[in-house]
Amino acid sequence: MAMVDEPLYPIAILIDELKNDDIQLRLNSIRRLSTIARALGEDRTRKELIPFLSENNDDDDEVLLAMAEELGSFIPHVGGVEHAHVLLPPLETLCTVEETVVRDKAVESLCKIGSQMKERDVVDWFIPLVKRLGAGEWFTARVSACGLFHIAYPSAPDLLRAELRSVYNQLCHDDMPMVRRSAGLNLGKFAATVEPANLKSDIMTFFKDLTQDDQDSVRLLSVEGCAALGKLLEPADCITNILPVIVSFSQDKSWRVRYMVANQLYELCEAVGPEPTRTELVPAYVRLLRDNEAEVRIAAAGKVTKFCGIISAQSAIQHILPCVKDLSTDSSQHVRAALASVIMGMAPLLGKEATIDQLLPIFLELLKDEFPDVRLNIISKLDQVNKVIGIDLLSQSLLPAIVELAGDKHWRVRLAIIEYIPLLASQLGVDFFDDKLGTLCMQWLGDKVYSIREAAANNLKRLAEEFGPEWAMQHIIPQVLEMINNPHYLYRMTVLSAISMLAPVVGAEVTCQTMLPVVINAAKDRVPNIKFNVAKMLQSMIPIVDSTVVDQTIRPCLMELNEDPDVDVRFFANQALLACEQVMCA
Amino acid sequence: MAQVASVASFGSSGQLTLGYNKLNSLWGIHLVRRTSRTLRSSSCRKFDYLKSLEIEEKINKIRWCQTANGARFLLSTNDKTIKLWKVSEKKLKNVSNLNVDPSVRHGNGNLVGSSPVQSPKGYAPPRSINGGAVRRTLPPISSDFVFPPGGIPSLHLPTVWSHETALVARCRRVYANAHAYHINSISNNSDCETYISADDLRINLWNLEVSDQSFNIVDIKPVNMEDLTEVITSAEFHPSHCNMLAYSSSKGTIRLIDMRQSALCDRHAKLFEEQEAPGSRSFFTEIIASISDIKFARGGRYILSRDYMTLKLWDVNMEAAPVATFKVHEYLRPKLCDLYENDSIFDKFECCLSGDGQRVATGSYSNLFRVFGAVPGSEEASTLEASKSPNRRLVQTPTKSGNRLFNVRGGDSPGSEINGGQYDFTSKLLHLAWHPVANVIACAASNSLYMYYA
C-alpha cells in the first residue's frame, strides 16, 4: 500500500471514504466531491471520477441525493462547458432511482447543466438522454423525463422538436398515473418554450386530455397548468381554451379539484383578464364560497382578500360580501378561522364607508366566536383595519375578546394572544393599554405554564421598547420587582428572566438603581437554581452597567457565589467572574 | 411453538409473500423464477408505550406496490404500524486499492488503526462500544494547499468489484401512530400515490411518500363507546376508480364510498346489505353475518365478500341482494354452538378470485378450501385440501352434487378423520391468494404454504 505524503493525507482519506462502510463518512466524501475532483485534476475527473460515480450508484438515498446535488455544479471541475456532457450519465441513472427527492434533485441538476451546454452538445447528448428517459422501462425514468423537455426543446432543430412533442404526448397518456402527473406538472414550463403555432395545436391538446383524466390526482395538478398556460396564450385564445376548463373544474365532481381551483382562482383571473373574470369567474368563485364541502370553503375563504383585490370594489361588495357574511357564521370553525385570518385585509380594498357599514359587524361577530383561533386571527390583523377606520369603533368589542383569550384554558391560546400584545399596544396607544391591559401582562408572569411566563417576560421587554424606558420604569418594573417575594422559586426565576430581558432596554441607570439590588438580594436565595441564574444574569449585565458598578457590586456578589456549596452555582459564578476579568482588562 | 402463517399475498406479476407471526418475518417466493427464500426476519417485540399494550408480532396484511427499477415494493402492517419495504437484489461489493492502508491509518495520533479489518483489503470504520462510528477528526486540508492544475498523480480512486448478489429487503418508510385500534386492512389506490389503512373504527388515507401524516376519511366511532354496534372488518380501494373504496362491517354490510363527494366520507354512497329471511334469526345470526374479507372483482364491477358461512358476490349496481351466494361449509351450521364455545366462530377467513374473475375461492377447516365458479350458470364447486399428501391433485366435484363434501382427502393428513363427523377446527385455512394471471392458488395453512395448479 502506498504511503501518502503528509499534506495529501486528508484528501487521500476523503477519496478512500467514498466507499467506506459508514454512511456518514461516505456522505462527507460526496459532499466534498469538488475537493476530490480538484485533487485528481480535470482530465482524471472526466476519465476516472465520473465513470466511478456512474458505476457506484447503488447507495443509500442520502448519498445519492448529495451526489445529485454536487454534480449539478460540477462543470468547472470537468474542464468547462465543452466537457459538460460527461456529467450526464451519472445523473441519468440518478433520474431513475425510486426515491422521489433524489430524482427531483437529479432533474434539477440536469436542467442546470443542460442550460449551460452549447447548442450542438444539447442536440448530441442532452436530447438523446431525454428521449431515452422518456422511453424508459420503469416509470421512474419517464417521470424524470417530463422535467427536462423545457431545456432540450429550444436547442432542437425542427424535426427533433416534432419528435420531442410526440414523446411528451406519449408521456401525457402514459399508463402510470405518476407519469401523467409529472407531465401535467411540467407542462407549463415546457409550453413556455414551444412556438405559438404548436402551442395552440399540440400543447393545448395535451392539456385538454390531462384535464379530462380519470385520476383525480392528475386533474387537480392540471389546475395549476391553467394559470401557466393562460399567461402564454393570447387573451382571445385564453378565453376560448382555458376559461371553459376553469369553469368546469370549479364544478368538478371531486372536491379536491374544486379545492385546487379555490386556492388558485385569483391567479387564473389574471390569466383571463378583467371582463371574463367579471362574467364567468366571479360567479364561479361565489359557487366555491358556497360549496357544500368545508375544505373547499376553507380554501375559498382564505383567498377572499386576494380575490377582492383583483375585482372592482363595487363588484366585491355586490357579489362577494354577501358570501362573506354567510361564511362568518359557517358551521365549520375552520372556515371561520380561515375567513378571520384574511378578512381584515378587505377593509383597505372596500374603503372606509363600506368597511363601517358592512365589514365591521362581521368583525364584531367573529370577535365573539366560540372558537379561539377565529378571535386570534382577527386580533392578529388589527393594524390593517386601524388604518382605514381607526381603532375606536372596535376597541369596545376588542377588550372582552382579549380578556377572554388571556384566560383561555388552553395555554397555546394564551401564548398566541401574548404574542399579539405588542401589536395591540402599538395600535391601541398607551392610555388604553394602561387602563385595560397592563394588569393582564403582569398576570401572565404568574401563569402556571412555563412557556407563558417566558412569553410574558419577553412581552414586557417588547412593551418597554414600544413605550420607552420611562414608561417601563413607571408601569412595569415596580410590579415585576414586587413579585420576587413569591414563595415559589419557579416564579422568582421568571422575575429574574424578566429583569435580564428588560435591563438592556431600560439602560444602565435604571438597571443599577432599581433592578440590580433585587438581583443581588436574590443571590442569597435558598434555592441553588435561583443562585446560579443570578450568576448568569450578572454576567449578562456586565456589558450594560458601569465598570465601577461591576467592581463594587457585581464582583463581590459573584465571589460569594463562587464559594457556594452547590457545584452548579460555583460553575456559573466562575464563568461570570471570568467575564468580569475580561471586561476589566479591556 | 410453531410459526403460523398470518397472511399470503400475490403481487401483480406473480410474486408471492407470506407473513408469519411470532418471528414477524416474511417469506417470498418468486413463482416466475421458481426459487424460494426468506426475505427477512426483522423487528423485535414492540410495545405501545401510550397504551401500555404489547403489539403482537404478526403481520396482518401485505399489499404489493408499484415496482420500479426491478425492485419490488410492498406494504405490510401489524396491529399498529405500517411499513413500506423494498425488496431488491443488491450487489455485494468489495473495495480495494485504497490510498491509505487502513492498518497504518493512525498517522495523526488518532486511535483509528485499532479497528478490525473486515474485508481482505478494505477496512471497517472504528466502532465505539455502542455500535456507532467513532467521531474522528480528519485533519483539515491546509488552507495554503495549492492544487496543481493537472491534479495529483499519486492519488487514485479505490477499486470496487462485486462478486455476488444478495436479495435485500429494506424498510423504506414507517407509517406509525395513526391508529388507535388494530389495523385490519391496507389497500393501495390506483393512483399509485396513496393507500388506505383501516382499523376497527376508522379508515385513514396516506400518501406513500409522507409517513408523518395521514387523513382520516371514515370514522364510525360513536361519541359514547357504549353505543358501539359495529366495527370495520375490511376495506379495499376500487381497482381503477381512484375515488371509490369499499369497506365491510361486522354487521354484514358493505359500504361503498366516493371520496370525491366529501373530505370526510362518513356518509356512504351505496350500502350493500341482504335482508335476512324472517324467522331464521338465532343467537348466532349476527355473529356469522360479520364479513371477514372483501375483494373487488372483475375490474371493480363486482364485490366478493366472505362471512362465516358463505361467500357472496355482489353486483356494484345492485344493493339489495348479492347476485350469487356460495355456501362454504353448510354442514357446520348445526355445530355453531361448539364453534362459539371454542371461539372458532370468530375466525376470519379470506377470500380471493382468479385473475380472470371466473372463479372464487375461500378457506375452511380441516385444511380444506373451496373453489366456486362465479360466472352465471356455473355450478362448479370443488373442495380441496391443503396437505403434503402426494395425492393432492385437484379433483373436480361433479357439478350437480355441489353439496358433497370431503371428496378430496389426502391419505396421511393428520388431525382429522374422514367422514367421522370430526372436524379439525385447529387446522383452519384462513389465508389464500390467487395468482393474478396463472391458475395458481397459494394457501397458507398453519406453518406451510401450498400451491395449487388448476
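Yeah, the Cβs are placed from backbone N, Cα and C, and that goes for glycine too.
The repeat 'HEAT' annotation in TrEMBL covers A:10-48 (among others). For the repeat 'HEAT' (A:10-48), the DSSP counts in helix, strand and coil order read 35 helix, 0 strand, 4 coil.
Feature annotation from TrEMBL assigns repeat 'HEAT' to A:242-280 (among others). Looking just at the repeat 'HEAT' (A:242-280), the mean pLDDT is 87.
Per TrEMBL, repeat 'HEAT' is recorded for A:281-319 (among others). Secondary structure counts, DSSP: the repeat 'HEAT' (A:281-319) has 32 helix, 0 strand, 7 coil.
Residues or ranges marked as repeat 'HEAT' in TrEMBL: A:320-358 (among others). Nonlocal intrachain contacts for the repeat 'HEAT' (A:320-358), taken as residues 6+ away from its ends with a CB within less than 8 angstroms of a stretch CB, comprise 282, 285-286, 289-290, 294, 297-299, 301-309, 311, 313, 365-366, 369-371, 373-375, 377-378, 380-382, 384-385, 387-389, 393.
Secondary structure of the repeat 'HEAT' (A:359-397) per DSSP (helix as H, G, I; strand as E, B; remaining residues coil): 32 helix, 0 strand, 7 coil. Here TrEMBL flags A:359-397 (among others) as repeat 'HEAT'.
Panel annotation: around the repeat 'HEAT' (A:398-436), residues 367-368, 372, 375-376, 378-380, 382-383, 386, 391, 443-444, 447, 449, 451-452, 455-456, 459, 462-463, 466-467, 471, 475 of the same chain, lying at least six beyond its termini, place a Cβ under 8 Å from a Cβ of the stretch. Residues annotated as repeat 'HEAT' in TrEMBL: A:398-436 (among others).
The annotation repeat 'HEAT' is assigned in TrEMBL to A:437-475 (among others).
The feature repeat 'HEAT' is assigned by TrEMBL to A:476-514 (among others). Here the repeat 'HEAT' (A:476-514) has Cβ contacts under 8 Å with residues 441-442, 445-446, 450, 453-454, 456-458, 460-461, 463-465, 469, 521-522, 525, 527, 529-530, 533-534, 537, 540-541, 544-546, 549 of the same chain, all six or more residues outside its ends.
Each residue of the repeat 'HEAT' (A:515-553) gets a DSSP state, and the totals for helix, strand and coil are 29 helix, 0 strand, 10 coil. Sequence annotations record features per position, and here TrEMBL assigns repeat 'HEAT' to A:515-553 (among others).
What TrEMBL records for A:554-586 (among others) is repeat 'HEAT'. Helix, strand and coil content of the repeat 'HEAT' (A:554-586), in residues and according to DSSP, is 27 helix, 0 strand, 6 coil.
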Quick one: DSSP breakdown of the repeat 'HEAT' (A:476-514) into helix, strand and coil?
34 helix, 0 strand, 5 coil
Below 8 angstroms Cβ to Cβ, which residues of this chain, lying six or more residues outside the repeat 'HEAT' (A:554-586), approach it?
516, 520, 523, 528, 531-536, 538-539, 541-543, 545, 547
Per the Cβ under 8 Å criterion, with at least 6 residues separating them from its ends, the repeat 'HEAT' (A:359-397) contacts 321, 324-325, 328-329, 333, 336-337, 339-348, 350-352, 404-405, 408, 410, 413, 416-417, 420, 423-424, 426-428, 432
For the repeat 'HEAT' (A:398-436), give the DSSP counts of helix residues, strand residues and coil residues.
34 helix, 0 strand, 5 coil
